[in-house]
Amino acid sequence: MNPPLPRLDSLEALCVEAGRTILAVRERAFRVELKADQSPVTAADLAAHRCLSEGLRTLSDLPLLSEEGEATPWQERRRWTRFWLIDPLDGTREFVDGFDDFTVNVALIESGRAVLGVVHAPAAGISWAGGAGRGAWRWSGGRCEPIRVAPRWPPRVLASRAHLDPRTREWVAAIPGAQLERCGSSVKFCRIAEGAADLYPRFSPTCQWDTAAGQAVLEGAGGVVLAVEGLAPLRCDQGASLVNGHFIACADGRWVSRLPPA
């Protein structure tokens, strides 16, 4: 039997604490460095990583995999059936460029599925949490309220601000009446989850820590995240690589037959 999980409000509070460390860095001058994959990293990423890593270790004894942590060999990870997957600062490009749509992501992975997720948007002071079969919630202004998808057609489509590619533009243009809006980070999943948008197609690379928490929130709110290949739920056990295949996040899984080929 698995040990009990930390309370959801404890996880949300930890993400808020990590968000405060990000905002503290934002208030002063900071350097931007490039990692091996040419993605940016700042002191805010590292401070949030330390905050989450230390906090999660006090809440549970589960293994932890973080974008900003040491790389754990696949030979070890493949034995994990339950672990935390975190992105301490999702949307670093947005953070560096002065936008507010960056997030803190914490997900619980069980047997390859993101079963619980918390997403916190520090600049907005909003958090979302949920998981398939558990429901989904939104924290704002000291209040916590349940959320649910609210699909409508023609759909409101969200796409990456930093990675909007021609294929995505063409795909959205093939949906009559679709409205396209660009924003960063895992906020896109959460906006679908709370009924403010309907679709998020992603045809350029992402990593599992970019998507797991948001996927859990959206699934808890009644939505789906489907891999383009096979149209099955996106998973976190695709072998040694942590890179996702292309996917579509959707408020209503029944829309698959109405959408353009991806």
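Note: Cβ is positioned from N, Cα and C throughout, glycine not excepted.
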Candidates E67, E70, E181, E229, the one TrEMBL lists with L89, D90, G91, T92, D210 as binding substrate:
E67
So which one is it: of the binding-site residues D90, D210, which has the fewest other Cβ atoms within 10 Å?
D210
Please list, in sequence order, every residue of the chain apart from E67, D87, L89, D210 whose Cβ lies within 8 Å of the Cβ centroid of the Mg(2+) 1 site.
D45, E68, I86, P88, D90, T92, N105, C207, W209
Counting only residues 6+ apart in the same chain, whose Cβ is under 8 Å from the Cβ of E67 (substrate binding site)?
D45, H49, I86, D87, P88, C207, W209
Say we define neighbours as other CB atoms within 10 Å of the CB. Which of the binding-site residues D87, L89, T92 has the fewest?
T92
Looking only at DSSP and grouping its letters into three states, which state does E67 (substrate binding site) belong to?
coil
